[in-house]
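Here's the structure, in structure tokens; my notes come after.
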Ligand code: 5GP
């Protein structure tokens with residue numbers, strides 16, 4: 001998606017050769033209009049898949065997942081990282097390694113919101129090593145639902161997540177794939 005690559009070029013900050021910061025439109029402030037464009041692009045790419053639900057992880061996955069779900073006309077379910085006292089006790093749980101924090105955490109989805117009849121699109125902000133997406137994919141599998149694919153706003157092609165997911169036969173659609181990052185330049189695939 002050329003508009004996204006251009007936005008990353010203009011506003012992205014290379015924190016290190018492996019971490020990209022896009023706080024101005026995705027991870028802190030959200031460019032709502034641009035997020036609609038992202039949602040439309042995901043919806044277009046998966047338009048023939050009869051998706052019934054979009055699944056993501058709080059917090060940064062919610063914005064692109066919500067706009068894609070709005071265009072597809074389906075609900076979005078976000079996995080929770082903390083267990084609120086209000087959360088249902090019947091939940092699917094998976095452990096995920098955090099790329100940005102270097103720790104592991106549990107993700108939880110209430111059994112009420114995923115069913116075996118569902119056709120699920122997983123959406124996240126970044127695809128790095130694939131831990132978050134694989135955790136979600138395992139939850140989808142446990143529920144008996146069908147995983148249709150994974151959509152990442154930004155894939156870092158030099159990390160192994162994309163290869164790992166595609167190697168498992170999962171369709172992965174990334175709107176921008178970063179090949180490498182240098183201090184003053186971001187090179188796309
Ligand atoms: P993975 O689970 O694929 O290793 O990492 C994906 C998750 O880590 C995403 O949900 C995202 O929040 C975070 N992440 C991974 N790499 C980056 C990055 O370069 N920048 C930002 N802002 N988040 C990242």
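Cβ coordinates come from backbone N, Cα and C, glycine included.
Now, the feature entries from TrEMBL:
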| type | residues | note |
| --- | --- | --- |
| BINDING | 20, 27, 156 | xanthine binding site |
| BINDING | 128, 129, 130, 131, 132 | 5-phospho-alpha-D-ribose 1-diphosphate binding site |
| DOMAIN | 33-157 | domain 'Phosphoribosyltransferase' |
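Mapped onto this structure are the features recorded in TrEMBL.
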residue: 20; record: xanthine binding site; contacts (Cβ under 8 Å, 6+ apart): 8, 12, 13, 14, 126, 154, 156, 178, 181, 186
residue: 27; record: xanthine binding site; contacts (Cβ under 8 Å, 6+ apart): 21, 60, 125
residue: 128; record: 5-phospho-alpha-D-ribose 1-diphosphate binding site; contacts (Cβ under 8 Å, 6+ apart): 99, 156, 159, 161
residue: 129; record: 5-phospho-alpha-D-ribose 1-diphosphate binding site; contacts (Cβ under 8 Å, 6+ apart): 97, 99, 159, 160, 161, 164
residue: 130; record: 5-phospho-alpha-D-ribose 1-diphosphate binding site; contacts (Cβ under 8 Å, 6+ apart): 160, 161, 162, 164, 165
residue: 131; record: 5-phospho-alpha-D-ribose 1-diphosphate binding site; contacts (Cβ under 8 Å, 6+ apart): 96, 97, 98, 99, 161
residue: 132; record: 5-phospho-alpha-D-ribose 1-diphosphate binding site; contacts (Cβ under 8 Å, 6+ apart): 57, 61, 96, 99, 107, 124
Excluding 20, 27, 156 themselves, which residues in that chain have a Cβ inside 8 Å of the centre of the Cβ atoms defining the xanthine site?
12, 19, 21, 22, 125, 126, 128, 154, 178
Let me know the DSSP-derived helix, strand or coil state of residue 156 (xanthine binding site), please.
strand
If you average the pLDDT over the domain 'Phosphoribosyltransferase' (33-157), what number do you get?
96
Residue 20 (xanthine binding site) in three-state DSSP notation:
strand
